[in-house]
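Student: Provided herewith is a single structure, encoded as structure tokens, for subsequent inquiry.
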Amino acid sequence: MIITKEIDLGQGKTISIETGRMAKQADGATVVRMGDTMVIATVVSSKKTPSPNQDFFPLQVEYREKYYAAGKFPGGFFKREARPSEKEILSARLIDRALRPLFPTGYYYETQVIINVISSDQQNDADVLGGLAASAAIMVSDIPFENAMSEVRVGRVNGQFIINPTIDELEGSDIDISIGGTAGTICMLEGEMKEISEAEMLEAIRFGHEAIKKLCALQDSVQAAVAKAKRPFAPLQVPSELGAFISDACKARLKELAYTALAKEERAERTKEIYGETLKSAVEHFSAAFSSEDLAADPSKALCTNEHIIEEEIHSVEKDVMRRMILDDAKRLDGRTLDQVRPISIDLGVIPRAHGSALFTRGETQALVAVTLGTKKDAQSVDTLTNSADKRFMLHYNFPPFSVGEVGRLGTTGRREIGHGNLAERAIRMVAPTEQEFPYTIRIVSEILESNGSSSMASVCGGTLALMDGGVPLKKAVSGIAMGLIKEGSEYAVLSDILGNEDHLGDMDFKVSGTRDGITACQMDIKIDGLDYHILETALEQARRGRFHILDKMEEAIPASREDLAHYAPRLTAIQVPVESIGLIIGKGGETIRSITEETGAEINIEDDGTVTIACSSNEGTKGAVEIIKALIAKPEVGTVYIGKVRDIRDELGAFVEFIPKTDGLVHISEIANERVAKVSDHLKVGERVKVKLVDIRKDPRTGKTRFALSIKAALDAPDPGTEAAAAETNS
């Protein structure tokens, strides 16, 4: 049975959900359509009972954009989609983060969600439709799921909020925020903004949530029409006597440890010691307490000696101790108050050969950030279903295992690294200079050297500082902070600049970046249902105060971008040449432009309109390249003095001198010196640079070629070309 439901979101936008036509062997499958953009989402969840030792939900979300969807061929040599692009990875992360909290606690069955974009009108981006389709596929399946989830994008054009703006509308929007949520609450945020206020941010979220409620109701109606029963599921029940024993055995020690301010490594060692001793005690106690008859009568009692289950119970006690300490005493693991930011230290210019660098340390989180400036040739080519462009501003985030004191593999960039780098990039990009203001390609690399929470926000701060150190003219400084939340019933506490443990044991991770004038980027993940707007408002205001405190520290280190670029950064010089001269500068097969680069060390880029950009780290190289290019396109004029290179010598005739690139003239033997010259090679050598004057231009009657007559002796008293004296003589 094919079921189709649709809803009008207003502003001429209609979304439909269809199920029952495609992918019927999956546990659930839906097709979502908006305009001519269509996505199909499927979900399959294994029925194999997970091991009692498993403590995580193996959810895999894959988002793929098929090039046929837009009538395109994949770029590159192989005309087939291969590994996911950065855009696909980021879209998959958005969907994963919104879906994951809505599965039942303890549901550890392997689950795979696959979203394929099968049609793209190149105006409606499919990423948020993928989130809607994924949730709808789970809703119509037999897989347990708490509530329908929907994703929307909110934009604002000319002060008017828009749901799921088109690509063209986003061009003029000052907000681009993706929101995921249920009918009752928001569970995921991510986006970039052009310095909007906290109040405007809340308004955008509320606006998006109203559309989410409608889309969740649409999913509920589709589910009701399908009427498929959910498979039975009950989380693993741990015997109550195990919980009581663990609490008695370790709660007091864990509480004492929680109230002691310690460094991350020392706290981890002492926590590990408590875990080990409690585990040993529990295994010994219950092994002696239960006979084989007891275990036969109640098999669940065997869980009391399962080491993994015991560690989970200890972890539950540890979590409760930390949360009650924060809620009851407003005290945190490292002794800070709820809104206190960790100590900050900043060092600039720490990498001598980089074009800008900074070492930003906040507590036990440290980022070493380097900036590289390049030309348009260094821009990254990005090809998606909706856009093909060159990306000239990028931030790459690296999180090596040593940053958390672990041994791990170094290989391809992980999804987490791509996501964190993208967030930091979006935060800083809002204040980066335009291409017209600063025609460089900018690459920022953040190396996380230590991590105890909020490393992506350290990358925002470090990236801003490195750019300012490198002389990149940022409009304003940007800082970032990660906020946390502990909530039990009506009690709650908002935490500023959270630690790794506070992120892990808490209910929210809310990252906010911005300038003194407003927010430039945000990302939020919620682990609980029922986030009230007044809590969100409190978190945003507390984040604003924290951001300003960090900005104060950053401005103490460097109040504004340096006036000059770093010593080793390339200097860009732009000159305009006639369009018809472009081929002359490039030369046959690029021969001429390569020779200029080899001779001067300058990198040269030529636009179709005749704009020539010269990049070189030395003024001499830039000057040399400019002179060669100007000489290449210059028309030879009689009476002009040139510096040329001897190309060939004919002893009884004269010397052929290249006086402008690719153009030779003859210095007759009689024009070499004032005295009589018997043999040219006695006066000139091949490769020698000589000053010559163009004395005649004429066409060869036999060949029709232009011949240039040069004189060395006529140039003896003339000033060198390029000097003020030469310019004065030319003007006269």
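We number each residue from 1, going along the chain as drawn.
Backbone N, Cα and C define each Cβ position, glycine as well.
From a predicted model like this one, the values you see are computed outputs, not experimental measurements.
The Mg(2+) binding site annotation in Swiss-Prot covers Asp503, Asp509 and rests on sequence analysis. Marked as domain 'KH' by Swiss-Prot on the basis of sequence analysis: 570-629. The domain 'S1 motif' feature in Swiss-Prot is assigned to 639-713; the stated evidence is sequence analysis.
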Student: Along the domain 'S1 motif' (639-713), what average pLDDT does this model show?
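Tutor: It averages 90.
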Student: I want to verify one value. Collapsing DSSP to three states, which class is Asp509 (Mg(2+) binding site)?
Tutor: strand
Student: So if I draw a 10 Å sphere around the Cβ of Asp509 (Mg(2+) binding site), how many other Cβ atoms end up inside it?
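Tutor: Other Cβ atoms within 10 Å of Asp509 (Mg(2+) binding site): 21.
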Student: What are the sequence-distant neighbours of Asp503 (Mg(2+) binding site), meaning same chain, six or more residues apart, C-beta distance under 8 angstroms?
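Tutor: Asp503 (Mg(2+) binding site) has long-range Cβ partners Gly453, Ala482, Gly484, Asp509.
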Student: Helix, strand or coil at Asp503 (Mg(2+) binding site), per DSSP?
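Tutor: Note: Asp503 (Mg(2+) binding site) is helical by DSSP.
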Student: How does the domain 'S1 motif' (639-713) divide up by DSSP, counting helix, then strand, then coil residues?
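Tutor: Helix, strand, coil within the domain 'S1 motif' (639-713): 7 helix, 40 strand, 28 coil.
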Student: Could you give me three numbers for the domain 'KH' (570-629), the DSSP helix, strand and coil residue counts?
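Tutor: Summed over the domain 'KH' (570-629), the classes give 32 helix, 16 strand, 12 coil.
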